[in-house]
Amino acid sequence: MLGWRRVVSAISAGCIRRLSMAKSKFEYVRDFEVDDTCLPNCWIVVRLDGRNFHRFSEQHEFKKPNDDRALNLMTKCAQTVMQELEDIAIAYGQSDEYSFVFKKKSRWFKRRASKFMTHVVSQFASSYVFYWKDYFKDQQLLYPPGFDGRIVLYPSNQNLKDYLSWRQADCHINNLYNTVFWMLVQRSGLTPVQAQDRLQGTLAGDKNEILFSEFNINYNNEPLMYRKGTVLIWQKINEVMTKKIKLPKETEEKEVEVTRTRTKVVPLHCDIIGDQFWEEYPEILAEDS
């Protein structure tokens, strides 16, 4: 019995010595790390943007003014991020950008801003390359795309709603301009410089008038994905699947339909500036969501 106690004491002493030896004279460099812990009780928003995507879209022959393949690929990548980081309450995307909103009480990564940003951007970028072939079947990926990110904290629900409203308003402004611009280039034969000069100083009403009078396009009939962008939220979905089971007193298995409820990331193309969306999905801003 005493022998075993000596062995345990020797092992414990050895562990203590190894722990003390693990600390070296170089460990002081850890003091240079900056404390980037996000403030408590704030919505944490990670917004990423494509780097030099104007050039990237040209070299990969994106359709103008909107390419469904590119937009759907962005949404697929954003869904992948949300499925990996389940503390994201809502995401919003348009063009080559996506904003991910982490819950106010999230404790992921000990609320370190650098961890939030690097995890989101790296997961998104790798997903973009991984899923590229599923959306651009006839277009080879010529070089790796790049994305940059930033962290912004919003202390109140209204601040967050105003942020998302700002991004959706930006989507509308940019898409209306791009729709008219590319119609002038593609169908009227103007050069990009001439189209830019034609649109200089025009208001939204002027652009709508050009689309309708010259190209017979009612902008309000354009797809919602182009005009409103994409909202990603968590929703419970009933999935019906076929399962083989063996019933009592039966010799052979039979196929039966089974319904299961699962929580999935669902894309919506709708207005988030007004109150209707937030009244329909109050759980997004709920403190205990």
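Just so it is clear, glycine is given a Cβ too, placed from its N, Cα and C backbone atoms.
Automatic, uncurated: that is what TrEMBL annotation is.
Going by TrEMBL, these are the annotated features:
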BINDING   ASP49, GLY50, ARG51, ASN52, PHE53, HIS54, SER95, ASP96  GTP binding site
BINDING   ASP49, GLY50, ASP96  Mg(2+) 1 binding site
BINDING   ASP49, ASP96  Mg(2+) 2 binding site
DOMAIN    26-155  domain 'tRNAHis guanylyltransferase catalytic'
DOMAIN    158-274  domain 'Thg1 C-terminal'
Residues within 8 Å of the ASP49, GLY50, ARG51, ASN52, PHE53, HIS54, SER95, ASP96 Cβ centre (excluding the GTP site residues themselves): PHE56, SER57, GLU97, PHE147
Count of other CB atoms lying within 10 Å of the CB belonging to PHE53 (GTP binding site): 18
Cβ neighbour count (within 10 Å, all chains shown) around ASP96 (GTP binding site): 20
Least surrounded among the binding-site residues, given as ARG51, HIS54, when other CB atoms within 10 Å are counted: HIS54
Cβ-Cβ neighbours of ASP49 (GTP binding site) (radius 10 Å): 16
Residue among the binding-site residues ASN52, SER95 whose Cβ has the most other Cβ atoms within 10 Å: SER95
Max CA-CA distance, Å, over listed GTP-binding residues ASP49, GLY50, ARG51, ASN52, PHE53, HIS54, SER95, ASP96: 13
Chain-internal residues near GLY50 (GTP binding site), provided their CB is under 8 angstroms and they sit 6+ positions away: PHE56, ASP96, GLU97, PRO145, GLY146, PHE147
Predicted model, mean pLDDT over the domain 'tRNAHis guanylyltransferase catalytic' (26-155): 95
